[in-house]
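Participant: Here it is, the structure in full.
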Amino acid sequence: MKGLPVDTHIYFEEGLLTTAPHITTVDTWNTLDFIDPALSHRKIKRRWNRLSRLQRSIVYVILVLLITLIVVYIASKMRNTENDNVNLILDQNATLVNASGILQIHHKSAIDTMERPTFTGPANARQYAVVESFKHAWKGYKERAWGHDNLKPVTGMAYDWFSLGLTIVDGLDTAFIMGLTDEYEEGKNWIKTELIFTKNKDVNFFEVTIRVLGALLTNYHFSQDEMFLDKAKDLGDRLMSAFSSPSGIPYSDVNLGTRTAHAPEWSHYSTTAEVTTVQLEFRELSRATNNPAYEDAVAAVSEKIHLLPKKHGLVPIFINPNTGHFLPHATITLGARGDSYYEYLLKQWLQTGKTINYLLDDYMTAIEGIRQFLARHSTPNRRLFIGELSAGSESFNPKMDHLTCFLPGTLALGHANGLPDWHMSMAEDLLYTCYLTYAAHPTFLAPEITHFNMASASADMYTKSADAHSLLRPEFVESLWYMYQLTGNTTYQDWGWQIYQGFEKYARVTYGYSSLASVKTDKPAHRDMMESFFLSETLKYLYLLFSEDRYLIDLNKYVINSEAHPLPIHTS
């Protein structure tokens, strides 16, 4: 435009820029004279006054339209910039960094937008040792039992329980947390191509829920790979047949292929712990799929049991799915068949953002009941332990399953969320007793069951030969990790290291790690079975316990299911 004669006007003809001599007509505003800097303000005003009222109205409309278009364009650019920034943040949060390199896993869904953890692999010698143990177990399983549920690590034989590749599915998120890219990818590929739920075979509703459904949901949350969610939904739909009982209390056995369920062959009853330890998983499945049916089914179970009469919050270990009532005078215990009922009361309350008050009320009442009816001190050294009330007579039995050693961690978690100080004192005392069940044996490993003396001048505890076996259970190291994260006390790390060395010295065999026939001898026989929970729970908790970052998996953001699979905490 600069340099053109003053009286030269611009026309656009067939896409060409041309000039023509000035022509003064009534159609002056069809030209671009008004943008010529040589025009005076008076000239512009005079020409404006020449226009009719209709022409002025048309100009006003054009100006309004132009301003509107400019505003819309600027707003659109700003939104695009904001979306680009959000996508950049999400991509950064969806990155898994490990010792072997960087594996980037991008979000495919906006179902759960909370920040996901980043795992950087082992950071110290103890963590490296645990990672090596996992790799040894995984390698033996891959070579000798790939695709089967369990490995017999002494003979190198495979064993199937449900034919669902339990060791792969259950242990996969441990590989993810440890930063083991190769193991994670080969396990994920097996799940994608080989894991099916169409076999005409009965499985245990509870075990499959915590081990398989829980693991699939955790791996979906960590990776955002929709494949895991698709598998979880398929499995969840099949497991829903368990709720087909007259009372809605789930049956214990489910045929995944036929989508049918029934009570076990040996009883009309389901186990109380089993029907109340599926809520975290089914609730998370509902949140991930936006389908409330799963959560509704398990919430109804919790509500029904909330309304049943109890002994100061304590529950018998059997419940009839036909009537919806407990088996009268059944054993009351925090060991087998009773333990995780209490654990999931607290964790459901936390999972739902502390919004379901009856769950907290039931938990508080139960812990008070434990203190009143089950907690005792041995002699001569007053070691706190949790006994049980025997079936029939409900008389006190001074025995404690190793499973009960989950309780210190649960008590500490409750205290960290505002529950009374005596919960934490009880947690510390009971944790020390659990530690002594390890330290009392030459293997530095605990037996399945410990018995306590109530009137002895010499020993507080003893182990019967029939109870001396060890399945390499995780409950004590689980509580150690909770206590370490919540207090920062490194003594708990040292205790865990002593136990880890016991595993290495006595349980490590050619193809993996074997359960032991007796912890009472320094030359224990091997039972030739490597449980999937050894990879899923025991080694995972040890790895987390030895982390220099106490919040590697933050208990303010996650609840950990009964098989050590982290699930996100929601706000409601």
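Just so you know, glycine gets a Cβ as well, placed from its N, Cα and C.
This is the feature table in TrEMBL:
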type	residues	note
ACT_SITE	GLU207	active site, proton donor
ACT_SITE	ASP339	active site
ACT_SITE	GLU448	active site, proton donor
ACT_SITE	GLU475	active site
BINDING	SER562	Ca(2+) binding site
DISULFID	CYS405-CYS434	disulfide bond
TRANSMEM	57-75	transmembrane segment
Participant: Would you mind reading off the Cα separation of ASP339 (active site) from GLU475 (active site), to the nearest angstrom?
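Facilitator: GLU475 (active site) has its Cα 11 Å from the Cα of ASP339 (active site).
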Participant: What is the interatomic distance between the Cα atoms of CYS405 (disulfide bond) and GLU475 (active site), given in whole Å?
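Facilitator: Taking the Cα atoms only, CYS405 (disulfide bond) lies 5 Å from GLU475 (active site).
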Participant: If you measure from the Cα of GLU207 (active site, proton donor), which of the recorded positions CYS434, GLU448, GLU475, SER562 is the nearest?
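Facilitator: Nearest in space to GLU207 (active site, proton donor), counting only the recorded positions, is SER562.
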Participant: Round to a whole number and give the Cα-to-Cα distance in Å for the pair CYS434 (disulfide bond) and GLU475 (active site).
Facilitator: 10
Participant: Other than its own, how many Cβ atoms are within 10 Å of the Cβ belonging to SER562 (Ca(2+) binding site)?
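Facilitator: So the number of other Cβ atoms within 10 Å of SER562 (Ca(2+) binding site) is 26.
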Participant: List nothing but the one residue from CYS405, CYS434 whose Cβ has the fewest other Cβ atoms within 10 Å; the candidates are the disulfide-bonded residues.
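Facilitator: Checked CYS405, CYS434; of these disulfide-bonded residues, fewest Cβ neighbours within 10 Å: CYS434.
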Participant: For the residue listed as 'Ca(2+) binding site' and GLU475 (active site), determine the Cα separation and express it in whole Å.
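Facilitator: Spelling it out, the Cα of the residue listed as 'Ca(2+) binding site' and the Cα of GLU475 (active site) are 10 Å apart.
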Participant: Can you tell me the CA-to-CA distance separating GLU448 (active site, proton donor) and GLU475 (active site), as a whole number of Å?
Facilitator: 11
